[in-house]
Amino acid sequence: MSEAKNVGVLALQGDFREHKQMLERLGARVREVRLPGHLEGLGGLVVPGGESTTIGKLAAEYGLDAAVRAAYRAGNLAVWGTCAGAIWMAREILDYRQPHLGIMDIAVRRNAFGRQVDSFEADLEVEGLDAPFRAVFIRAPEIVRVGEGVRVRARYQGRVVFAEQDRLWATAFHPELTGDDRLHREFLERLVAS
Ligand SMILES: NC(=O)CC[C@H](N)C(=O)O
């Protein structure tokens with residue numbers, strides 16, 4: 001990468017440190033975002049996995065949901081939600097009422113891959129990548145509906161686990177937990193330099 005990109009990780013709850021480390025290894029300047037003011041000057045924001053109800057409540061309490069929505073609509077923020085982060089981004093969450101960002105035209109079902117298997121790994125064919133991506137699923141959601149402007153980039157057993165809409169990404173899996181940094185690299189490369 002020729003120039004450092006300014007990117008944030010939402011650091012309210014969940015495994016934001018793993019994302020931060022991976023982004024820093026790729027040469028990005030990474031800021032932990034806990035308050036609306038921390039969004040200033042960022043080209044992208046990664047929302048980690050964790051517990052989507054907790055993330056949603058804390059984000060609402062600190063005014064971060066409104067601030068992220070505004071920054072996205074102003075046209076200068078890319079947002080990537082992973083697992084709980086993807087749930088937070090979804091317009092619709094099946095069966096639950098919880099505060100969320102709701103900017104991405106998808107519907108998700110939490111904990112969609114069965115109670116008996118809390119976590120598993122799988123090699124996914126991801127559109128745009130030339131070799132399979134080892135994906136870690138931990139009590140993962142499924143993307144059950146995608147709107148018209150949404151591109152499906154990966155499925156697992158026919159179910160959507162990676163969706164892209166404009167500057168928004170939602171992955172049901174955890175791309176920060178293996179050494180494979182191809183998606184973090186692509187996310188950074190696409191950001192407008194700031
Ligand atoms: N690994 C994760 O982020 C799990 C998400 C969690 N099951 C939720 O619904 O919030």
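Cβ atoms are placed via backbone N, Cα and C, with glycine included.
Quick caveat, the model's predicted, so the values are computed rather than measured.
Sequence annotations record features per position, and here TrEMBL assigns L-glutamine binding site to G50, E51, S52, R110, I138, R139. Sequence-distant neighbours of R139 (L-glutamine binding site) (same chain, six or more apart, CB under 8 Å from its CB) are C83, R110, N111, F113, D118, S119, listed in sequence order.
Using a 10 Å radius centred on the Cβ of C83 (active site, nucleophile) and all shown protein chains, the other Cβ atoms total 30. Secondary structure from DSSP puts C83 (active site, nucleophile) in coil. Residues or ranges marked as active site, nucleophile by TrEMBL: C83.
Here TrEMBL flags H174 (among others) as active site, charge relay system. Note: H174 (active site, charge relay system) has non-local neighbours D15, E18, G49, T82, C83, A135, V136, F137, I138, i.e. same-chain residues 6+ apart with C-beta under 8 A of its own C-beta.
All chains included, 26 other C-beta atoms sit within 10 angstroms of the C-beta of E176 (active site, charge relay system). The active site, charge relay system annotation in TrEMBL covers E176 (among others).
Nearest Cα neighbour of E176 (active site, charge relay system) among the listed binding-site residues (G50, E51, S52): G50. The maximum pairwise C-alpha distance among G50, E51, S52, R110, I138, R139, the residues recorded as binding L-glutamine, is 13 Å.
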